[in-house]
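Everything below concerns the one structure shown next.
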Amino acid sequence: MSDCSSSGSDEDLDPGLELLDELGGTLSKWTNYIHGWQDRWIVLKGNILSYYRSADEKEYGCRGSICLSKAVITPHEFDECRFDISVNDSIWYLRAEHPLLRQQWIDTIELHKAESGYGSESSLRRHGSLLSLTSAASGLSTTSASSFKKGYSLQEKLAEMETFRDILCRQVDTLQKYFDNCADIDSKDELHRDKASDDEEDFPTSRPEGDYLLYNNNSSKEKLFSVDSLKGSLGIDFKGEAITFKATTAGILSTLSHCIDILVKKEESWQRRLDKEIERRRRAEDAYKAALTELKKKPHYGGPDYEEGPNSLINEEEFFDAVEAALDKHDQIEEQSQAERSRASRQISLPPDTYSSISTQKYLTKVEEMVQSHMTYSLQDVGGDANWQLVVEEGDMKLYRREVEENGIVLDPLKATHAVRGVTGHEVCHYFWDTAFRNDWETTVESFQVVETLSDKAVIIHQTHKRVWPASQRDVLYVSVIRKILSTNENDPDTWLVCNFSVDHDSYPPSARCIRAKMNVAMICQTLISPPEGDKEITRDNILCKITYVANVNPGGWAPASVLRAVAKREYPKFLKRFTSYVQEKTSGEAILF
């Protein structure tokens, strides 16, 4: 949090604590069940709490605000970083980065709520004086005539009224000073008269010049005061003051008359606007009542306390809409990053040939079993009794699915076949396996780390996927191995295979932050070569890569079956297109890697 300015009194506050005039900082604010928590710039000024999309967008106006006068601030019972602010039916869900920052926000908001006022007379804005005393007295007709010209707004007339008010205030101050001085002189006169009466020997005599005199016991004259000196000491021109006062009051009356004319002319327009607002309010109230009635029919699920699971109150259609919106957003972000990303070619890099713990042999044994399993079953034809269903066909690419559920969790195996020209099976598998290139084509991964290197062709990877709300975030821990399988028939091509399958590892147990998913994925590639004419060299125009991609994924938690199947149908073809296009781009113009 950062404060912009401070003001106020230290009364009833701890030493060194000031009531901040304005402060701002970044908090996470719950937006809706599609976009979830989003960082927002929160500004607290007086007893008004406002939020902006970011600190840089303050000049465009706030996106929402609430008055804290009747607000209730509630720290969350379980989440130590979250607190809620409710005003009637409006609730803001906010989260700080850590509990100490949350408490600091709560204390400051409570302080502003208790101490902030609505301003005082001293804070009222004053317009600059437009008229002087002299111009008000001598040029009233000019001012009034110009003020009443057509096109002057009510705001301008009110500014003129405020100027007249300032003039009157100064005139009242001048007259008050005069009256105070008169009172002082009169009191002195009475004092001298009382003294003369008591002595009964001194008699005041007036002179034609207006000076008042007293005779003392020695029969000599003593001057008390002069009327001319009164005028001179105060410097007041009564005639001028009277003219100015009359002109000012006349200007006020004329301006008030003009304001009334403006109000009368606008009354009809305001009445139409009022009628429209009344109609809008009526429709809004009807919509609110209808929404409230609908809300009472089912419990509220749009808040941040929603959790995925078989007892979720959100229906499958809304769940799917939320997931689809999040995936679209991810795609948009990825397109932007792809446009900006440098496509500089990289050297093929493999993890160092280091072998780790005693458990390495256990993993390598499992690798051999999975490779043999994929070579035996994954390349089988989709016909027969396998119950494969063709769900997507786009050119050379076909996607098949078998519907399998276990304990209410969708475990559908997927198989895709594709043919890509100009690349070899070795190149496709290399770019799919090598982690140095993963961020170039993988859009669903938030972070990944090589946990252990089993050999120069096998590694253990921990991978965290981006969250697609309202589903929980997933991570996966798996062995990734690349292998060349020599053909046993001279007429058949060799096979390149990348196999990724889930394992357990002591260094990366499942965490409460993510749901641990399980997977068994294989990318199986064969290179077909069309012999060139004559003695010409083989070029990329002569090669074709046949790809078989199989995936068995256990999401590790419940989600609507229709949603999982719809997402798989949408995302797997996009993945294959994106990845194979990437491989073609990387290998274009490069030497062929068989």
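Every residue gets a Cβ built from N, Cα and C, even glycine.
TrEMBL labels come from automatic prediction, so no person has curated them.
Remember, predicted model here, so these are calculated numbers, not experimental data.
Positions annotated as coiled coil by TrEMBL: 267-294. Long-range contacts of the coiled coil (267-294) within its own chain (CB-CB distance under 8 A, at least 6 residues past either end) are absent; none are counted.
The domain 'PH' annotation in TrEMBL covers 20-114.
Marked as domain 'START' by TrEMBL: 385-588. Per-residue pLDDT, averaged along the domain 'START' (385-588), amounts to 88 for this model.
For 190-211, the entry in TrEMBL reads region 'Disordered'.
With DSSP classes pooled into helix, strand and coil, the tally for the domain 'PH' (20-114) is 22 helix, 45 strand, 28 coil.
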